[in-house]
Each structure stands twice: as structure tokens, then as C-alpha cells.
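Below you'll find the structure, written out as C-alpha cells, and then a few comments.
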Amino acid sequence: MRLVLVGPPGAGKGTQAEFIAAHLAVPKISTGDIFRSNVSQGTPLGIEAKRYMDAGELVPDEVTINMVRDRLAEPDASEGFLLDGFPRTTPQAAALDKLLADLGTALDVVLELVVDDDEVIRRLSGRRTCRGCGKIWHVEFDATTREGICDRCGGELFQRDDDKPETIATRLREYAEKTAPLVDYYGAQGKLVGIDATGPVEDVTVRAIDALRSYGG
Ligand code: ADP
Ligand code: AMP
């Protein structure tokens with residue numbers, strides 16, 4: 001299955017991506033994770049992306065599309081994938097359609113996680129990520145047993161630089177202006193399915209898997 005997750009920052013894409021990708025047995029490809037890994041390794045791509053990420057802005061389309069093209073060419077993505085955080089603009093969506101068409105394939109479905117702005121702000125403000133295994137936690141909604149220590153691997157938790165209030169506001173604006181139009185883009189293709197992404201994480205996962213069933217998931 002070839003699947004895209006769309007929704008505002010903090011909607012729970014990364015959290016759900018892990019469960020859905022495991023359920024579908026496809027690789028989870030998160031452009032945010034790939035950028036962050038490049039930033040921490042100090043690669044030229046990371047140095048370029050960091051300026052935009054720190055400001056809460058989107059990395060330019062050309063850079064992002066080239067990165068995704070390379071990632072989708074890897075063998076593990078040949079039979080299916082779950083994209084988390086890409087596409088985020090209409091040109092990125094059109095480039096993805098073209099890329100897949102050139103490979104003789106297409107997306108199966110786009111799953112939209114629907115959450116309002118107030119909830120997104122609460123989620124982003126308390127988000128913590130494990131340095132060791134990448135698991136996403138929340139100080140209140142999904143807290144670890146020991147503060148600052150991952151329950152899964154014992155790694156240290158950190159708060160993302162772009163989860164500060166000023167940056168959150170810019171990211172929500174970027175979403176509304178540049179990413180929200182994708183709902184219409186994929187709606188017109190008949191590929192969009194939206195689910196209520198509020199409530200416990202496990203409930204959202206059940207809703208997601210139910211919604212994907214009718215698309216062959
Ligand atoms: P995104 O990838 O869409 O930016 P994340 O998956 O990183 O979002 O989730 C943002 C924050 O919200 C994290 O701290 C996560 O633990 C928390 N979270 C995710 N799903 C839920 C949920 N259903 N209820 C409450 N908090 C959630
Ligand atoms: P995320 O982890 O998905 O919240 O992404 C973190 C940041 O990485 C975003 O705020 C952007 O700066 C950048 N980024 C991730 N995915 C994309 C994308 N598809 N297009 C442009 N920028 C992106």
C-alpha cells in the first residue's frame with residue numbers, strides 16, 4: 001500500500017505512522033526525521049534545511065522533492081510506503097504523482113488526521129522525543145514513567161527546537177496556507193479519507209486502520 005498521512009503539525013502523524021506502518025508492513029518515511037538526521041550529522045542538506053526548520057517554515061520544494069525521490073528509490077519502498085510529513089505543498093503533491101506515474105504506480109490513499117488548533121498547541125507544547133529510538137512522548141498525554149527517560153529504550157528525551165510557542169504559530173500558519181489545500185487536491189482525486197484524531201492514541205489507531213481497510217489496507 002502507498003499511503004500519505006496529512007494533518008497539521010502535532011496532529012499525531014509521527015505517533016500513528018509507527019503503528020500504521022507496522023500494521024501494513026511498509027516503511028515509514030518521515031521527511032521531518034530525514035531532515036533532523038541531516039541536521040544532526042551536519043550534512044550540506046541539513047545545514048540548508050536547518051534555517052527553515054528553526055524558523056518554522058517549510059524547506060523549499062526542490063530540495064524536499066529531490067530528497068524524497070532518492071528515498072523512494074531505495075528497495076524497501078518498492079512495494080509500498082507510508083509518507084509522514086510529505087507532501088506539504090501542492091507542487092510537492094504534483095511531483096509525487098509524477099514520480100509514481102513514472103514508476104507505473106500511484107498513491108492508494110491519503111489519510112487526514114483531523115484535530116483543532118487548540119489541541120495541536122497542547123500536543124506540540126508538551127511533545128518530547130527519545131534521542132535513542134525516536135519514540136514520541138508527551139509530558140501529560142503520554143508520559144514516561146521516569147521524567148526525561150524513554151520507557152522503551154532508556155534513552156534521553158529532548159524537546160524539539162521548533163516546538164517553541166513562536167515557531168508553533170508560524171508552523172500552523174504555514175500549514176493553513178500551504179498544506180491545507182492538499183485536502184482538496186486529494187479529495188478531487190477521490191483518495192482522501194479523514195478521521196477524527198482526538199482521544200486516546202489507541203482509539204485513533206483503530207479508526208485509522210478501519211478507514212484504510214476499504215482501500216485495501
Ligand atoms: P505530528 O507528527 O503530526 O507533528 P506527533 O505524532 O509528534 O505529531 O504528536 C504530537 C504530540 O502529541 C506528541 O507529544 C504525542 O505524544 C502527542 N499525541 C499524539 N497523539 C495523541 C493523542 N491521540 N492524544 C494526545 N496526545 C497525542
Ligand atoms: P515535522 O517533523 O514533519 O514536523 O517537520 C519538521 C520541519 O521539517 C518542518 O517544520 C519543515 O521545516 C521541515 N519539513 C518536513 N517535511 C517537509 C516538507 N514536506 N516540505 C517542506 N519542509 C518540510
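Numbering starts at 1 and runs along the chain as it is shown here.
Glycine is treated like the rest: Cβ placed from N, Cα and C.
Residue ranges 30-59, 60-89 are listed, and TrEMBL annotates 30-59 among them as region 'NMP'. Cα of E57 (AMP binding site) to Cα of G199 (ATP binding site): a distance of 28 Å.
Only F86, R88 of the binding-site residues listed as G10, F86, R88, C133 bring a Cβ under 6 Å of any atom of ligand 2; the order follows the sequence. Only G12, of the binding-site residues G12, R88, C133, place a Cβ under 6 Å from an atom of ligand 1.
Candidate binding-site residues: A11, V59, C130, C133. Fewest other C-beta atoms within 10 angstroms, C133. In this structure, the C-alpha atom of T31 (AMP binding site) lies 11 angstrom from that of G14 (ATP binding site). Fewest Cβ neighbours within 10 Å among the binding-site residues G10, G12, G14, G199: this applies to G199.
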